[in-house]
Each structure stands twice: as structure tokens, then as C-alpha cells.
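Undergrad: Please find one structure pasted underneath; my questions will follow.
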Amino acid sequence: MSNPLKLTHFLHGGDYNPDQWLDHPEIIDRDFHLFQQAHLNSITLGVFSWAKLEPSEGHYDFSWLDDIFDRAEAQGTHVILATPSGARPRWLAEKYPEVLRVDNHGQRQHFGERHNHCYTSPIYREKVQTINRKLAERYGHRKSLLMWHISNEYGGQCFCDLCQAAFRDWLKAKYHSLDCLNHAYWSSFWSHTYTSWDQVEAPSPLGDQSVTGLNLDWHRFVTDRTIDFFENEIKPLRELTPNIPVTTNFMGGNPPESHVFTDLDYQKFAEHVDIVSWDSYPNWSNDYESTAQLAMKTALMNDEMRSLKHDNYLIMESTPSQVNWHPYNRSKRPGMHEMGSLQQIAHGANSVMYFQLHQSRGASEMFHGAVITNNLSDQTRAFKDVTTVGHDLQQLTGAVATHRRDARVAIVFDYDNMWALDDSRNYANATKQYWRTIQEHYQYFWEHDIPVDIVKTADDLTPYTLVIDPMHFLMDQAFAAKLKAYVHQGGHLVGTYITGIVDRNDLAYQGGWLPDLQATYGLTVQETDTLYPHQHNTLKAFDKTYTTKDYSDLLVLDGAEPLGTYERDFYAGTTAISRHPLEQGAAYYLGCRTDTDFLEDFYRSLDRSLKLTPELPLKKKTPTVSIQVRENATAHFYFVINFSHQATTIQLTQPLTDALTHQPADSTQELPAYGVRVFTDSQD
Ligand code: GLA
Ligand code: ZN
């Protein structure tokens, strides 16, 4: 595992926009004083500062940023320096309207908002490179410069002529001939045959939205275009500051789903950054799920981000208190800030950073939580909570050189599959819910403290004892062969309904289920029954009856043995759940969607036979307590977090040190509501 930042302590900091306070130097003085008080050791500068850095074209003013660097250096604070492309100055859009995005109705946007530049515009690319070069020349050698923060939360799409032309070039490079394109898009359907490359347009409500292969390629193109823009941004930085790592802040999806962000294939994007960082905003204390349920989803998002590079990552943004954009912007309950912050460290984050260090005085984010709020006090709950986390991170310095314990369980997640499945005109749009399905499969492992990786199809599966591959609708033959080889080599595989339906071009497989899937699962799938929300079947398995919902595959076994059968409807008595032993391994097929009660029993039985639950020197009483282990060759750190409003206790079964107090830990430990404990066997 690499450590591109060479950190010797956890980062604690966040986005800081002193450019909003330049006429109040006393505020900036006080901010720096308060940063030290709150144990903040890093500031992220320059996100959205373009208008202050280049007030008019070619006229730069770095004096204020020089001053902030000096202040940071004087107190040993790291600087994460952003490139300013996330929002452009007015003069730039006014003079060069091509930098503004065009929507899918062909309408060019006005100047405004942010994160909305054209990714192709040669002028925008040039202007961004120019300012980035200036920043690298001026600050590349400052000793406080830790890392580049490229732009901010890339996302969205542009449909301008330049982007359309780039899309056509991308398609030409991919398909080489129009015949191949026509075949991939099955364009004889509705007489949509292309006879010239110029006819190809991005999907649009004014044109085509029903060519699902085109829709899928557009998603892929948008990722590639964004990465291309990013690569263009970092060129001067790589040239002038080859030893300064680059990252860009990825996003999580919004509540209530706590979904992955769906615009960009982060598995691909992650190959271009030196370290993964992301912005994490769980809506703690909402009214529709328990704290533990949301903690499970947040744990999964962290596991997903860690798995992108199979390495430690950073929390680039989180809120010290509440945000301003959730449907309901609730405060954190006492203890929750420490709970949520250390949860991310437990999963492999090497930072807790905030949006924002000093609250904006005006505009839309003046009510977004901040370390220093508009009352400027160090007596707010948020300031005290942040100080507590800063203190914790200092005590945990010995854990920075550790990684989350290696996982023996992997869940496959694939962006092409997500896009194609969402776009498929079959099943039920309201209930496909690929990511929620992943969450439901993840739940057992989270509750039992079993480490999980979220893998891409290109990852090596052989290190895992158990691979779960839910709803893999778009699967290429090579991956089906990889699954087969994995099981033959002794792997245990779980697949589900709606798997192996289309190829990489989103064309239906011909002549039945993929032979490698048939051979692996020992069955064929005849059809999939889509149920209405209030319709159910029942499943008999493990001597119990479970409710099933949403989807039922009708299976014909050919080598597999039944583990569960449908009890109702015209397929009553047929197999719903099966097991296919293959040499040392086995493949399980879940033909129907169930509630998590079945998944819990199912995974418990696999856990018993595969011995997945780790031996830990701590015993908990409830699944709402999570225990995550970070370790290296010489030390283990056990992060024990109570994701409940009720206090509980845990037992230590071996002598350990309390890593937050450095005192020997008593064998019975109280965990208050939302309480956190960290124990270690480290001798340091
Ligand atoms: C995102 C952005 C920040 C800020 C926060 C608010 O993460 O990157 O600039 O707007 O949201 O939560
Ligand atoms: Zn464009």
C-alpha cells in the first residue's frame, strides 16, 4: 500500500475562504488562533477563489494568498491548495461564452452558480492551465503545500457543439466504422440507422433517448471527458510540482438513499488521482431510519471509497454540525460528531476535514455548519465538538500508519451495470435499486464486524473467500468466465436475480443465459417476474417462511441443489434459492428479492461454514455497535462505536490500552449513546 502524502499524523482541517474576509484582517487573525485551539492542522485554500486571484484577464493578485500561506507556515499548518476551476470569474464567461455549458435542450446557460463549465472548451482549458501554472510556480515550493485539490466536485454534462464533436471523435475511436456503431446501437430499430458520423448526437429529449446503447456510451464519454479535463488541469502541476500529490473531491449521493454519486465512474477516475478523497454528509438523526441503519450506509460508502484504490483515503469535506441542503437540516445530537468522524477513520480515512472552517456571511451557504460560525465564538457546540475530534486524532497518531484490516468478503459494484440497469425498459423503475440492494447485502457483514471491500470487475477476486455479485444485469463474457474460474479455484459466490442479461454494448444475450453463468450456478433462468409493491410471494428456506418482493426469477436447475422454494403463484414449488458446489468452491443463486431477515439467515449460514466473523478481543452486546480494525504488522487499533441513542457495554477479552487516554483499559467498558472508544495493543 502506498502512502502518497507520507502523513505522520491524521489531517484535521477543511475548506477555508479568507478571500471573503480580506477587509477584516482581525477576523483572519482570530481564525488562525482558533484553528490552533481546535487542533486543526490543515487548511484547504483557493476553492472558488479565481475572481480574487485573477480579477481581470491576465492581472493576478496573489498577495492575499501569500499572506495566508505565511500564516499557515508560521503555525505549522498544512495547505491543500485548490485549482479554482470549480467556479469562474464573470469576465471569463462574458468574454468567452463558450466556457458556459449547454443543456440537453441546446440552451446555453448564463453566467452563474458553479461546477458548470464546458469540459471541452479549448479556451476554458487554456485559462485553467494558465492559472494553475501560476499557482504552481508561486506556491509549488512552499513547505506547507501538502497536496493539490483539483477543481471541486466534478460532475454534470455539457451538450455544446464542441462536446458533441468530442463525443463523435470518442465514438469513432471506439467503433472505427459506422457499421459497428449501428450494430452496437441496434439502430435498425425504429429506422434510426446512422449514415454519417455527423448525425450522431448526445441523448436529448429533443432527439433520441431510447437508444440505450447510446445513453450508456454517453455516460462513459462524460466520465472520459471529465477525466480528460482533469488531466489537462494537472499538466502544469505534474510538470512543476511532480512530488505534490493530486486529488479531487469525489461525492457521495444525497439522502435518503445515501447512494453513490452516479454521474461519473469513480472506479475509472480513481486511477488518475494519487489519493482518493471524498465529501461525506450523512444526515444523522433523520426521521426515517435508525442511526445504526444510516451508519451502515455510511460505512459502505467509506468502504467503496477505500476500495477504489484499495488504500487509505481522505475525508475532504464533512460538516461540523448541519448542512444547508438536506431536506431538513438537523443538528447533530451530542456525541454524534465524534461518532461520525471516527467512523470514517475506522474505515481507512486519514483525515477529518470540514466544509467549512469559517462560515460564509452571505449567500446560500451562510447557514451551512462551520467550525467558526457567524457568532465567532469558541463556545459553540460545533467548535467544541471539532476540538474533541482534533484531540482524538492527536491521540491516535500511532494509527495513521495502519490500514483497515484486509477483507475476505467482496461485493461487486459496476458503473456500466448501474447505468444500463437504471435505463433498461423492463422490471420496475421504482424497485430496481441496485445500490440499495448492495446495502442490504452489506448489512449482515457490517453488523458482524466482517470487513468488506467493494470491488470493480477488473479487480482480482482470488483474495476473497466470498464474492457477492448482486443484480449484475450488464455483464460481459469475460467477467462471467472470471466468476467461473473464481468458484473453480475454491471461491464462494453469491449472485442474484437480474444477472447476465446484456453484453457490454447493452445488447441482449442470444440463446439463453451465458454458458459460463449456467455452468457456475448450475441452472438456467427462464424468466423474471416483476411484482407490484404490494404483491408478495413467500419463500421456504432454513425451515422458515420468508416474504419475497419485487423480483422472482423462475429457475431450472441443472446441477445446483435447491436451498429454498417459492410457495405461491404459478411457480409455487420451484426453486428460488440454490447452491451449486464446484470443486472446493460453491455458487449460490438468490432468485428473488427478500427482506434482510432472509439475508441475515443466509449469510449467517455462510459465515458459519466459511468462518468469516473475525476473532476480536472484544465482545459486543448489540449489532448497533460497530467494531472496525485498523492494523499493521505490529499493532491493531479497534474502533468501537455505539450507533445508538442507548448506552451499552462491551467486554474486553484481552488486555488492551485505551488509545484515546493511553491508559490500560478496564475489561468492562461503558459506551454511552453515540459513544466511541478506541483500543490498541500497540506498545508505543
Ligand atoms: C459540497 C461543496 C462545498 C459546499 C458543500 C456544502 O461538498 O464542495 O463547496 O458547497 O457541498 O455541503
Ligand atoms: Zn461543452
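Placed from the backbone N, Cα and C atoms, the Cβ positions cover glycine too.
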Undergrad: C158, C160, C163 bind Zn(2+) in TrEMBL, but which of C118, C180 does that record place at the same site?
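TA: So, going by the record in TrEMBL, that would be C118.
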Undergrad: Starting from the substrate binding annotation in TrEMBL that includes R114, W325, which of N152, N286, N374 is the extra site residue?
TA: N152
Undergrad: Long-range same-chain neighbours of W325 (substrate binding site), Cβ under 8 Å, sequence gap at least 6?
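TA: Same-chain residues close to W325 (substrate binding site) (Cβ under 8 Å, separated by 6 or more) are H368.
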Undergrad: For E317 (active site, nucleophile), which DSSP three-state class applies?
TA: strand
Undergrad: In the domain 'Beta-galactosidase C-terminal' (625-679), how many residues does DSSP assign to helix, to strand and to coil?
TA: 0 helix, 31 strand, 24 coil
Undergrad: Around the recorded Zn(2+) site, report the further residues of that chain (criterion: Cβ within 8 Å of the mean position of the Cβ atoms of C118, C158, C160, C163; site residues excluded), sequence-ordered.
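TA: Same chain, not in C118, C158, C160, C163, Cβ within 8 Å: R101, V102, Y119, T120, S121, Q157, F159, D161, L162, Q164.
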Undergrad: Do me a favour and check the Cα-Cα span between C158 (Zn(2+) binding site) and N152 (substrate binding site); whole Å is fine.
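TA: With the alpha carbons as reference points, the distance is 17 Å.
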Undergrad: Other than R114, N152, W325, which residues of the same chain sit close to substrate? List them in sequence order, counting a residue when its Cβ is within 8 Å of the Cβ centroid of the site.
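TA: Sorted by sequence, the hits are G86, H115, E153.
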Undergrad: Using DSSP, would you call C160 (Zn(2+) binding site) helix, strand or coil?
TA: coil
